[in-house]
Amino acid sequence: MRSTATATRALHFVGKRFFSMKNNNSMIPPAFVQEYSQATRRTSRAAYSSLTRSNSYFLNGSVTATSRNFSAASTDGSFSLPSGADILETFGPEKSSAFEGNDVSTAMEMLSRADAVCFDVDSTVIQEEGIDVLADSLGRGEEVAAWTAKAMDGDTKFEDALAARLSIIQPSTNDIKKCLEENPLQLSPGVDTLIKSLMERGTDVYLVSGGFRIMIEPLAEKLGLPKENIVANTILFDEDGNYAGFDSNEPTSADLGKPKALTQIKEANGYECMIMVGDGATDAQAKPPAAAFVGFGGVAVRDAVRAKACWFVRDFEDMITVVNKFPHNSPN
């Protein structure tokens with residue numbers, strides 16, 4: 001049964017299309033609540049703060065328009081957004097019973113209304129651990145992989161594992177360039193479609209990684225993401241391009257770095273509902289401030305991560321289904 005919780009307030013819309021509705025229960029079209037300019041995003045999110053915490057997606061009230069194109073309009077309306085139980089029901093009992101996680105319905109609900117989704121990169125957006133690929137190319141693969149496993153399973157502090165691995169390989173700029181040319185990083189199946197679907201509905205996407213910016217920037221470009229939407233570690237080089245350490249001021253250079261990074265992103269942009277998606281223990285730490293943590297097991301299944309995940313997915317298809325069925329229920 002659909003929840004009856006609602007929120008009523010004056011709302012302002014800027015978009016491509018406006019639809020005529022009057023005293024009915026018509027579903028709000030996807031284009032109705034979207035296309036906000038970056039300049040007005042903070043204001044619109046504040047106006048929607050209670051709306052995005054309600055539980056359905058129907059409009060009761062009077063909304064009229066005479067033109068398909070408009071610059072601004074406003075109305076007093078009562079909206080309700082889909083609950084997690086509603087979303088879960090759309091998959092059917094056989095499918096929904098197979099979902100893994102300790103709060104799947106909440107994760108689906110939060111994904112349906114998220115205004116930002118943050119993805120880990122290694123073993124999530126891509127099928128490899130970038131630092132392991134780099135180490136392999138330099139002949140130090142086994143030694144570095146052992147440290148990576150400890151970090152991802154939460155058996156050692158991330159900053160200790162990062163420092164140890166970099167001290168082993170000490171890559172130069174030429175080493176990294178050659179590695180990426182000879183061993184191009186492979187996207188996980190479906191991640192490009194998921195990210196595209198999120199961006200098309202107006203949800204901002206970030207790459208938040210304990211990996212290295214120099215290796216992630218080409219991936220971001222491939223996915224259509226701006227460099228400003230990357231939070232990752234910075235390797236330092238001397239004037240000749242030789243390894244000179246790493247920037248310990250980057251939030252993701254230390255344990256609990258991802259919740260710190262998400263807090264900074266949230267406060268800088270006024271986001272109401274953020275999701276973290278990743279395969280590692282450091283990703284699970286990001287809830288809160290993330291409203292939900294979606295664990296990813298398409299590359300590696302880590303028991304500690306699966307136990308902490310609101311929703312644990314082994315491919316991105318089910319997330320894509322939620323995004324496409326519920327095109328946008330948050331104010332972007």
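Including glycine, each Cβ sits where the backbone N, Cα and C put it.
As annotated by TrEMBL, active site, nucleophile applies to ASP120. The secondary structure of ASP120 (active site, nucleophile), as reduced to three states from DSSP, is coil rather than helix or strand. Within 10 Å of the C-beta of ASP120 (active site, nucleophile) there are 25 other C-beta atoms, taking all protein chains into account.
Among the features that TrEMBL reports, active site, proton donor is placed at ASP122.
Listed in sequence order, the residues of the same chain lying 6 or more apart from ASP122 (active site, proton donor) and placing their CB within less than 8 Å of its CB are GLU128, GLU129, GLY130, ILE131, SER209, GLY210, GLY211, ASP279, GLY280.
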